[in-house]
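All remarks here apply to the structure that follows.
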Amino acid sequence: MKTHYFLLVMICFLFSQMEPGVGILTSLGRRTDQYKCLQHGGFCLRSSCPSNTKLQGTCKPDKPNCCKS
């Protein structure tokens, strides 16, 4: 019985150490904005998009721009 409690405490400790949004939803199929940007041929840039590209959105959580040629 003590082993069960020990394992339960260890699992709770491991989950409490994770940062919010560590990838629980991403691993279930939800994709990040950065992933979507890259999949659609864009690239993430912290400054404004170059003149030969256009703004497609953001690459959260840092909110850099998603630029596409």
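Cβ from N, Cα, C; glycine included.
According to Swiss-Prot:
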{"type": "SIGNAL", "residues": "1-21", "note": "signal peptide"}
{"type": "DISULFID", "residues": "Cys37-Cys66", "note": "disulfide bond"}
{"type": "DISULFID", "residues": "Cys44-Cys59", "note": "disulfide bond"}
{"type": "DISULFID", "residues": "Cys49-Cys67", "note": "disulfide bond"}
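Counting other Cβ atoms within 10 Å of each Cβ, the disulfide-bonded residues Cys37, Cys49, Cys59, Cys66, Cys67 show the lowest value at Cys49. Distance noted between the C-alpha atoms of Cys49 (disulfide bond) and Cys66 (disulfide bond) is 8 Å.
Here Cys44 (disulfide bond) comes close to Gln34, Cys37, Leu38, Cys59, Pro64, Asn65, Cys66, Cys67: these same-chain residues lie at least six apart in sequence, with C-beta atoms under 8 angstroms from its C-beta. Secondary structure at Cys37 (disulfide bond), taken from DSSP and collapsed to helix, strand or coil, is helix.
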